[in-house]
Structure formats: C-alpha cells, structure tokens
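In what follows, a structure is listed as structure tokens, so that the remarks can point back to it.
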Amino acid sequence: MSIILPDWVAHHNDDKKGKLSTIFSVAVHPDSSRLATAGLDTKIRIWATATILNPRAENNSNSHRLLSTLSRHTGSVLVVRWANSGRFLASGSDDTVALIWDLDPSGMGGGSFGSSEVNIESWRPYRRLAGHESDVVDLAWADDDEFIATVGLDSKVIVWSGTHFDRLRIIDGHQGFVKGVVFDPLGQYLATASDDKTVKVWRTSDWGLERSITDPFLTSPSTAFFRRPSWSPDGSLLLCANAMSGPVFVASVVKRSSWSSDIYFVGHENAVVVTAFSPKIFVGFDGGTHSCVVALGSLDQSVSIWVTGLEQPVLVARDVFERQVMDLSWSADGYTLYACSSDGTVAVFHLSPELISDALSAEKLEQSRAKHGVKRVRNVAAATNGALPIGTSDRPNMLQPRKAGQSQAARASVPPVPIAGSVPPVRPIASRTERLHQTITITKDGKRRIRPTLIGDDLEPSQAVSHHHAYQPAPTSHALMPSIQQHQLPAMREAIGGTTVDGFGARPGVNGIHAGMTNSVSDGTAAAVVEAVLAAQRSNPAAMTTPMAAASSMMPYVPIGLPFGIMPEGASPEDMMQFWTEFQQRFMRGKKRKAEDAEAGSDSDDIEPIGKLQKGKTRADIGRTLGSEHPRDPPGPKKVLREALTGASGIVENGVRKGVHLAVPETLSIYRRDEDGLSIEIRNFDESRPTEIARLDPSDKDRVLWLDFSPTAATLATATSFFSAVALEDSTVLIYSSRGGRIGNLLLDSACYRLESNGVVLMAVTVAGLMYRWNIRADHEIHRPVSVLNLLGDPENLFSITVHANGAPIVILQSEKAYTFDDKKLGWVCISDGWWAEHSEAWDGRTRSRGSEVSVRDPVRAIEAEINTMYVRRVHGDNQVGAQEESDDDQTPPVEMSVPEDKKSDFVIAVTLRHLEARILAATILDSANEYKNHLIAYAKRIAEEGIKNQAEDLIKSLIGPIYYKPEKNQDAAWQPTILGFDKRQLCGQVLQILARPRNLTSLVQPYQEILANMKA
C-alpha cells in the first residue's frame, strides 16, 4: 500500500497567500479520472487524478493538474458528489443552494472571474436547485441517478428528479439539523442523519418513514458538523456516523434485515463524522461469501480502514492530517481512498489486494444484492444517460494545451493530449454566439421580451439540439439497456400514461434516436409502426435480432420533457401495439397543446398574471385560490378607525391588580406586517363591510395566497412559514395554516396587546398582562397564562417583546433589563442587566444591536448589545432612556452606589462571575450551544484565575455527574449526561484542564481527572 500527500491539491485563500482554506468535501469521478474538491473559499476545483497517482505524470510539464475552477457559489461549498453516470457534478453550499454542473463541450475555457487560474475544461451550471432555507450540508445521488437528495440545516430533506431536476418531495420529519444522506444501492430506501439523534430510513416508493433508528445516538454529541452515513455495496449494511456506545465514540452498523444496531466499529478517540464503504465487495476472510471494506473519518484527525469479518482495522492513519477529517471518497476500483481535512489538505490511500483481499466481479455483486429480494427497476432514462457520450465518463480526460494569446481556432488545431481511456476527438461544435439567435419584441408596457432560438451552422434546428447534448449519436444496443422482464410492462404503461414528467423520458441521442432520423413515423398509425418493425425484422433478421432493436430504428425524435417509455427485450407485437398506441396519443396531445399555447400567445404580448384564468380554461380545470381571480383594490390612505386605549399604571384593590393595565392597540384601516419574506394584510372598514384578512407573496407583486373575512375588526397580525395569526377587537385570536385553512379560534381573557411568532410558536400578551404561548404544530399550550405586569411596573417601561427561534419569549425593558421565561421552573429569569454593563469585567462595551440575524445565531450577545446601547445612551446623555425613566412621579434619578475600597476587588469578581453565570443560563434556555460552551470556558478561566475553590468544585460536580451513573439503568435520574448536544463529561475534561493550571487548585482537580479517566476507560 501507499499514502500520497499531494500538497498542490489545495484551496488557497486569496487574501493570504500560502494559507490553506478548509476543504469540506471530496469526490472521485466514476471513471476515476477526476477529483472534485469543495472549499471554504466558495470554489470547487476539479483535478486530474493521473497527476496525483502517477509520479511521472505529475512531473511532466505537459500534464495538467488543475482542470477547472468552478466559482458560482456565494458561500462555502460543503459537499460535492458526482452522478453515477459521470455526466453531472452536484454541489451544496451554505448559500442555501445546490448546483448541478455539466461539462460544456463548446466552452471557451479560460479562467474564473477574479482568479488567475486557467481552466482546461469548461464546466457550467446546468440546474440551480433552490429550496433550502439554510446551509446545504450533504447530498446524494440514487444508484441509477433517478433521484438526488439534498439535506441542510433547515431540518429538511428535499428529493429532486435526477433527470430534469424538478423538486419531487420535501421530507420534513427531522427535528434538528440534517447533516448526512445516502441512498440504498438497491433503490429501495433513503437514509438521513440528523442532530435530533436519529437516523431515519425513508421508502423511495412513497417517501414514507420505514424506520427511525435512535439507540446508537442517545448520548451522541451535536458538535460534529457532518454525520455522513454510507451503505454497503450489496445493500445489507447501513453504517452511521457519530454514534456512541456508552462513553465510547463508535460508528454503528445497522442491518437491513432487522434494522438492529448492535455492531460497532470502536477505536476513535472522538466522534466519527464520515463513513464510506468501498464500492466493491471482496473475497471474505472469515470463510463467508464476501466481505466489505469501510473507511471512517473522525474529529480526532485520523482515518481508519476496516474489513468486515476482522476485529482490528487494517489501517489507522493518525498523523496524516493536523485537523479533523471532513470527507472520504473511494475510486471505482475499490482500492483507492481519497480523504480531505479542515487543515486544507487531501490524502490518498492506495491499498493492495494483499491487505484487503481480492475484489469480486460485478456479477457477484449483483448476485449478493439479489439475495435481498428487491427487484431493482432502474430509471431507464437515467440509466441510459450513463451510456451516452454526452457526459465525461466516456471521454475521461481529453485535454488540450493552451498557450497565451492563442485563438480558439488555433487551439482546435493543436492535437489533443489523451489520457488512458479517452476517445478520439470529434468536430468541434459551433460556438455559442453562432448557435444563438435572438428575437426581441417590445410589449405594450415598454418592456423587452427576448426569445432565444438555437440554430446550427450546417444543421437543422433539431440537429443542433442533439449536438448540444452529445458529440455523436450513441449506437443502438440492447446491451446498454437494463433488463426489464415481461411482467414489468403494466408498470411501464402506467408510468407512461400517468405522469407528466420524463421519468421514463428519452433525451436526444438515446437508443440511436437523434435528429438525423426520420420523423415520418410519428404521423403514422400504431399498426403501421408495428408492421414496419416486423417487416424490417423479417427482411434483415441479423440486424433486427429483437423487436426492441427493430423499434429503435423506427422511433421518431422525441423532445426532452415528453413522457416516453422504452420497449423491453422480447416484447410481443401485441405489447408493442399497445405501447405505440399509448405513446402516439401522448405525443399528439403534446403537439396539440403546444399549438394551442402558440395560438393563445399570439393574441397578446402581455403575460397573464398568476391566478388569472387561462384562455379556454375554467376554475374546475385548474383550481383556484380565494382572492386571486380579481385584481386587488389599492389600499388607499391609512386611517385610524379607533384610537388606542391608554394603559393604566395599575389599579390595586385589596392588594390585587385589577382592570386594564396595558394599552389596547388602535384599529387601523390598513394593517400590514412583513416577516421573513411573508406578508399578512388586514383591511378594516366600517360596520357595513366585513374585515378582509389576506396573506400575500411580496416577492410576486403581492400575489394573494389566501383570503378570509371577519365580522369583527382586527388589530394585530403575525405570520411564519407554518402559520398565520390575527387578533380581533373582541379578544379572539384566529390561527390559519400556511395554505389558509383556519386551524384555531381562541377567545382570550382580554384584547391582545402584542402578538408575536417564530417558527411553530405563537405568543400573545393581553392588555390584562397575561402571556399565552402555543406550539401550533403540536397543537397544545406550552404553559398556563403567566403575568408580565410584575416585569413592567409601568407599561411605558417595555422596550420590546419577541419570540426566539426555540419559542422562548424575550422581554427587554427600558430599565436596562432583559428577561426570558424558564419553562422548567415556570418563572421569569433575568438574563441581562445594565448593572453588569457598569461593573462586570466580562461585559463587552463595543457591542451594538445588529438585527435579527445575529439574534438567531448568538442571542445572548444580541440581547446584551441592546442593553449596552441603552447603557451608553444613559451614560453619555444621548437620547436618555433606560434606568433614568422610573415609574415614580417625582422621576428621582437613581442613587450612586459606592463600595468600600477594601471590598472593591471582591465586588468586581463577584459581579463578573454572576454575569458569566447569567450568560450560561441564558444560553441554556435559548438553546444557544456555541454561546453556552464559550461562556462556560470563560467562567472556568475566571474561577481559575481567582483560585476560587468552592465554585470550581461546584462546576466540576455539575459536569461530571454521579460517578456510577449508567444511562441504560438509570433513565429517571435527575442528572442528564448531555446539555445542548454537548457531552457533559467531555466538557468536564476541558474544564479540568483549565482549572489545573493554578497551583492552588491542583489538589482539587487531580482526583477528578483520575475519576474521569477511569470512567472513559
């Protein structure tokens, strides 16, 4: 075996030369000729593997190392994966978008914008997959490229078509970040791994949940950015990352037959973040039929390679990387493993048959898969694409040397530099400028409409389309087609007749069908087609050995997007008759529909708005949305229909507050609230007309999504992507689903003072001072109504009240205090105070309010920024607000506090520690994991600096827990082994290292270090 460390395979920071940027993902092309890497620098780079594996090629000046740099993403690229056909490259980024890349055969090459790197190959974005609301962390292609699945930090799993890349299904079954995805090689399941401590297996037939696997992840940490799972090539084993066996980090093996997870790979010192099965099966060591080879990458910076049946790994690489492993990828031969790390380097592990045994043939692999009883009906179009010369699999590395100042024509005359497996060059396609003809028309409103038309230099239009997708027509061969049995015909017919997408669609060039072939068959009858096929078979039986081969020579050219099936081998004439009858009906309906669309389009140059009935269509044909059929009236000027009722400072009778304490909001003729790209609008009228409630799409010219009416005027509204809520004057709150169905009608104790929402949580504060909170998705109340009057003191003291992303309320007061509600203790908790801004040494006086985006990521910091802004204004006398505004009538300024000189030091230490403790508590309640860990470490450092032994011991005991604690036997214990996804004992280890630095705490720390070490052992 050998280990290769190509230092030139790297992503360099543009602003800091020589410094390497993190490489998040690595993927080897199915023909092993190319290596794609994805980096923190927002770029994808494609490298020639020949220069990596072959020292002679690496040292050859004529060999190209970097083939292309792809730079269309606007954020860090977190994952790259090649399609199994080899044609497409898919990438996912933290810009929330996944891109599908395709090699442009007519591309000019050159360099990326803003980069000096020269591209030998020209890769262009083929499709843009937009649908996630946060980082796209992982993606996977189905084995036959029928589907592609993307997962992200928005907790969603989105399944796309692998042929036309339309969105097929959104799976919203996880409750945490989804960080890994893999398809079953048999095509039956899709597995996803999430921070909600589950791996879920979904059926590809209906995308329903088959099994949720939880046992290996009950105590797994959430610190890992990836949880990349892998499926064995024979489909029998699912390998899951970031699993735990007690306190030990493991990779869990899940058996397909029973979904049991009692087998582990043990040995890594930190979480396993990526798993990868070799695509081959090998001769078994343990006397079994075969064995599999698997690689693991961990946060402990090491890579291990295992063979099933052996108790020990065959390779453990500990010193290859300086930082954690991010991704793994096997080449098609099953012996070469590529790994990347966050230190910005790539390593290649080339194994020998002596180390891991001999690989078995593809026939043996198919036999092993067949044992599961799953009939693998492959997507014909997707499977066939892999055999076409339109991708890169059949021409793995056709490279041309480029010279400065050399024209495209001159470069075309330079002989290509072939690499093993390349195909002969073909006549270059006309440049894009030659193929594009534009028709520009001016609409009635003065806008330009550009209608591009592809035309060829010496080709018919249909031929130009075919050449755009392929260098040359693929020869017809039934050997390239998957074997489809006779009993599968009804399913194929159903797919042909019942779908409007090209799941079975043929692209130009499929089965020898290209633009040069005659289209006369499409105008004939099905009987004529069959007769022609049979006659051709009788006249030339050698050339037409099967009905399929005969039919392929007579098939008309079918445009991309037309549903279309492929006849199986051995089909009878009756089956072919039925097939062509159904196909012809679909084909002629498509032509008729296009003619109708063209006729309708010629009537007017104006584009009809969405929601307006199309010509010749009725509401029964296309359905409708309430309020979308008629143009919406202009809102007109905003008027106050009812003045606000000012709140009282408090009416007290017999020690009990009574009456209205907070202001009743005014009733406006127009009330609109825009939140997270959504808008909800209220239009109030006099008593002669009902109130209109509408949800609008501001990105589409305020298109009405749904409309409702109310006999009572509305005062407040709020909306999220899950629901909308409206508060009425009669103390009623109406709740609507995202599509406009009314799912709630709640009568509160009094009218609403504030109505806020976030995610699935709705919060209402009434004028009587009671706060209500509901989880709309779970359809239940979070807690009983709680008073906010004791927080305010005076209604004017309220600065803001919002709902955090996890549903916790955040109340910020003008008196420089911030509170949230602890659902466990059912009480208000002070999480920030201007007192700390004045006296705590941990306070950051430079922070300022930066908006909602920061509050979601770092809520504690954002809250302190608001308090700090108030504090600075008060101290500097600029727009004085805050603590000087008291509810007392005399407005007496606060008395300055003084601390005796001999106690000032203890005073500062005490205030600082109380401040850090409040930060830790706030981060816990607001589910801010990163802030929790940062403040915990800062708290430990401060205790160590001051040498405070009693608080140090309290901190250690809270993290180490009971010495004899066993999760499986003590489920009801009050102590929990994790907090916010962190393992408490791991945190305890870090805290002990900090507390061990001062000598006066050594005697306290050492016994706990020994106890913790024994627990891990």
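For all residues, glycine too, the Cβ spot is worked out from N, Cα and C.
Non-local neighbours of the repeat 'WD 1' (18-57) in the same chain are 4, 6, 9-12, 63-71, 73-86, 89, 91, 93, 101, 112, 121, 123, 326-333, 336, 338-346, 348, 350, 392-393, 396-397, 399, 419-421; each lies 6+ residues outside the stretch with a CB under 8 Å from one of its CB atoms. Feature annotation from Swiss-Prot assigns repeat 'WD 1' to 18-57.
Counted with DSSP, the repeat 'WD 2' (72-111) comes out as 0 helix, 21 strand, 19 coil. Annotation source Swiss-Prot lists repeat 'WD 2' at 72-111.
Residues or ranges marked as repeat 'WD 3' in Swiss-Prot: 131-170.
Residues or ranges marked as repeat 'WD 4' in Swiss-Prot: 173-212. For the repeat 'WD 4' (173-212), the residues of the chain that approach it from at least six positions outside its boundaries are 137-144, 146-147, 149-153, 155-157, 159, 218, 220, 222, 224-235, 238, 240-242, 254, 259, 369, 372, 374, 376-378, 981, judged by C-beta separation under 8 angstroms.
Positions annotated as repeat 'WD 5' by Swiss-Prot: 221-261. Residue counts for the repeat 'WD 5' (221-261) under DSSP, split into helix (H, G, I), strand (E, B) and coil, are 0 helix, 20 strand, 21 coil.
What Swiss-Prot lists as repeat 'WD 6' is 267-316.
Marked as repeat 'WD 7' by Swiss-Prot: 320-359. Mapped onto DSSP classes, the repeat 'WD 7' (320-359) shows 4 helix, 18 strand, 18 coil.
What Swiss-Prot records for 387-438 (among others) is region 'Disordered'.
Taken from Swiss-Prot, the feature region 'Disordered' covers 591-638 (among others).
Here Swiss-Prot flags 598-608 as compositional bias 'Acidic residues'.
The compositional bias 'Basic and acidic residues' feature in Swiss-Prot is assigned to 618-638.
According to Swiss-Prot, the feature region 'Disordered' maps to 880-899 (among others).
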Legend entry - Rounded mean pLDDT for the residues that make up the repeat 'WD 6' (267-316): 88
